[in-house]
Amino acid sequence: MTQQPSRAGTFGAILRVTSGNFLEQFDFFLFGFYATYIAKTFFPAESEFAALMLTFAVFGSGFLMRPIGAVVLGAYIDRIGRRKGLMITLAIMGCGTLLIALVPGYQTIGLLAPVLVLVGRLLQGFSAGVELGGVSVYLSEIATPGNKGFYTSWQSASQQVAIVVAALIGYGLNVTLGHDEISEWGWRIPFFIGCMIIPLIFVLRRSLQETEAFLQRKHRPDTREIFTTIAKNWRIITAGTLLVAMTTTTFYFITVYTPTYGRTVLNLSARDSLVVTMLVGISNFIWLPIGGAISDRIGRRPVLMGITLLALVTTLPVMNWLTAAPDFTRMTLVLLWFSFFFGMYNGAMVAALTEVMPVYVRTVGFSLAFSLATAIFGGLTPAISTALVQLTGDKSSPGWWLMCAALCGLAATTMLFARLSSGYQTVENKL
């Protein structure tokens, strides 16, 4: 029988399983940062705002595919195994990445260009729908007793490494290439780099071992049974979706949308926006395992409640302070404050979500809740934030969207743990 990774091999297991997360976030961040260049290449329009909104709409379309991927691929992983499923998601994600990198512009192939970019995003979204769930469940099942929050936090921590690497590459391009060169062809270079690392990630994932928890399961549910169980637990899925809303909205605001927000709304330089994003990625990387470890010690609920309340009280004031006199220092401080919210909350939230899902549908349940939240909240954050600024004329208006997500997180935490306290669903760890 395949053995669960030993303590000595834990780091290697975490590295192998989170490598796909790295690729996913690397591509998503690039799409957000180079949105203005992608808009000009694939969506020519008289209005820069219209072209940018079309680009963010395509970006968001990938998130609409996530729930479908969560159900289809999540059911496969729960039935066949974690390792095999994660290999398939990586292959699909790689195809989407390659397509976006290679598609000629609108001037070359006309309407086919935006259509192919859309297909690439849909493929990425389909695979990403289960990537986070599959990785989170894998990490939770290899975690040592009392450390599940710390282990699962590395799912998101790996994404922060991708953000830092992508931002460093972008900064290098801005230093070595001119604006016209980046606009015409330079923005594609990071996407090609993403394509080049796909074979390495395949090699890493091939050496993954199946988790002992999955191998010991005597019952392997069929697809119909999985869907029936999900339907019976729709309240848990709904609460889980709202629970994720806080983390996914904050994350996509401080990473994917921030570079565009800094350049087009606050009129900061591209280099300043990239440096801020790098600092945010590093900050996220630090706070995520801290949040997970603290939740292992004091419970998930105190961390989740405390952070959502803090976000509700402080978000609008700090956004007003930023937009009153926007500069590099203020933007850095505000986004690092939001980074603290994200890291602490997400560190506890991922572990909590794996614990409340019924064991036989843990991957599909987690992935569906996460994907719905990402589609409704996170994926649309750039478009909604852009629209809020355009419609209201208030540069701080995206703060209202962040507060809405925090309110969802607070409500979900209250509802979910009230049900757990009443015995609605048993869990495996201290909540």
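Backbone N, Cα and C define each Cβ position, glycine as well.
Sequence annotations record features per position, and here Swiss-Prot assigns topological domain 'Cytoplasmic' to 1-25, 73-84, 130-161, 205-235, 295-301, 354-363, 419-431 based on sequence analysis. Annotation comment: Swiss-Prot describes 47-51, 257-273, 323-332, 385-397 as topological domain 'Periplasmic', evidence class sequence analysis. The feature transmembrane segment is assigned by Swiss-Prot to 26-46, 52-72, 85-105, 109-129, 162-182, 184-204, 236-256, 274-294, 302-322, 333-353, 364-384, 398-418.
The listed stretches are 26-46, 109-129, 162-182, 302-322; of these, 162-182 has the most Cβ pairs under 8 Å to the transmembrane segment (274-294).
Per-residue confidence over the topological domain 'Cytoplasmic' (130-161) averages out at a pLDDT of 85. Distant neighbours of the transmembrane segment (26-46): 52, 54-56, 58-59, 93, 96-97, 100, 103, 105-107, 113-114, 117, 121, 124, 128, 162-163, 165-167, 170, 182-183, 187, 190-191, 194, 252, 255-257, 259-260, 263-264, 273-274, 277, 382; these residues of the same chain sit at least 6 beyond its ends, with a Cβ under 8 Å from one of its Cβ atoms. Contact between the transmembrane segment (364-384) and the transmembrane segment (162-182) does not hold: fewer than three of their C-beta pairs are under 8 Å, each pair 6 or more apart in sequence. Taken residue by residue, the topological domain 'Periplasmic' (323-332) breaks down under DSSP into 7 helix, 0 strand, 3 coil. For the transmembrane segment (52-72), the residues of the chain that approach it from at least six positions outside its boundaries are 31-32, 35-36, 38-39, 42-43, 45, 89, 114, 117-118, 121-130, 133, 227, 230, 256, 260, 264, 364, 367-368, 370-372, 374-375, 378-380, 382-383, 386-387, judged by C-beta separation under 8 angstroms. Long-range contacts of the topological domain 'Periplasmic' (257-273) within the same chain: residues 32-33, 35-36, 52, 170-171, 174-175, 280, 322-323, 326-328, 331, 335, 381-382, 385-386, 389, 395, 398, each at least 6 residues beyond the stretch ends and with a Cβ under 8 Å from a Cβ of the stretch.
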